[in-house]
Structure formats: structure tokens, C-alpha cells
């Protein structure tokens, strides 16, 4: 558990991000998924996109909390993950056809996973980091792609795959942060929080 005097609000409903925070002993006091427009600006770089969206999520959550006195001292954490081949963004697929197209694109080549994290401190400071990971997929057969789509594990995930599931077997090589690909880079997140006075290690006590 975190320090009882400190509260962290996670501006996300992602179970993967919540699990990753639990991994380093952090229990968010509140989850606040923010419904924002995630459409890229024309010619926007994937790195810029994830940075912008993570900030928008964090700021939207903080704005929603302003009217609640009990949350005026909360830290707010926003995060957004973007998958790209070069500068081509591979978004969250809504339909099986989109998922199939994404997996065919990623098959046998390298892609980048960018995650932007944004922390809004109790005094309103905004701090940001972006993590980058290079991932290479093996060449996928049509049968593998069809079976993966049938599993449903692509739903709601950037790039139409989740590395922590079946798709972990597709990864030939990974350079950088694994937790970044899952959805929240833990090194960067811990660095951001501790750098702004949030007691990360208070949740590490046995029992």
C-alpha cells in the first residue's frame, strides 16, 4: 500500500496498467478512465501522439477532481500506448478485419511501441516521460493470425496484440522495456513518481 497521506489517481481503466502498478506495490486510490479523442493529428509522430494523449488524460482527470475537496492533494497519472511501423500508427482494432490487417503488417518485421506517461502533481506541476521499445515479430502464418484473432486477445490493445498473452510467442526480439509493451513502463513510472515526492517504496513492506 502507498503512504496513507498520499493518493494516486490512475486516469485509465486498463487492467494491465493496474496490474503493473500492483507489481511495484502501488494501489491507486481511484481509477478514472478518461474518454478523449485519440485521433492523431495529420502527420503527427507516434511519440508526439502518446505524449499528447497521456497529458490530455491526466489533465482531464485532474479537472474532474477539482470540485472534490478530498482529492485536492492527489497525484494524477495518465498513460497512452502507441504502436507504429515507421511513422505509420497501428491503432486499436475494432473489428476482426482490422486486427487481421494489423497482424499481417507486423508479421516478420520490426515495430516500435511508445508509451507516454504524464504525472500531474498536487500543486499542478506536469511531468512527462516517453518510453520506446523495438519489437520484432516472427513471420506469422495465416493460420496463426486467424487463430489469434479467434482468441479475442487483440481486443482493446494497441497494435491488435497483447505481449503478455499468446502473442508473446510471436516476439522474436525485444529491445527496451518489456513493461512498456504491456502498457506502463515501470522504470519511467517509478522515476516520475519518486522524483515528485510520491513514496513508491512504502508499499514494499512485507505483510
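Yeah, the Cβs are placed from backbone N, Cα and C, and that goes for glycine too.
Feature list (source: Swiss-Prot):
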SITE      16  site 'Important for substrate specificity'
ACT_SITE  80  active site, proton acceptor
SITE      81  site 'Important for substrate specificity'
SITE      164  site 'Important for substrate specificity'
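Annotated features taken from Swiss-Prot, shown on the structure.
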residue : record                                     : Cβ within 10 Å
16      : site 'Important for substrate specificity' : 18
80      : active site, proton acceptor               : 26
81      : site 'Important for substrate specificity' : 27
164     : site 'Important for substrate specificity' : 17
Rounded to the nearest Å - Cα separation of residue 80 (active site, proton acceptor) and residue 16 (site 'Important for substrate specificity'): 12
Secondary-structure category, per DSSP, in which residue 164 (site 'Important for substrate specificity') falls: coil
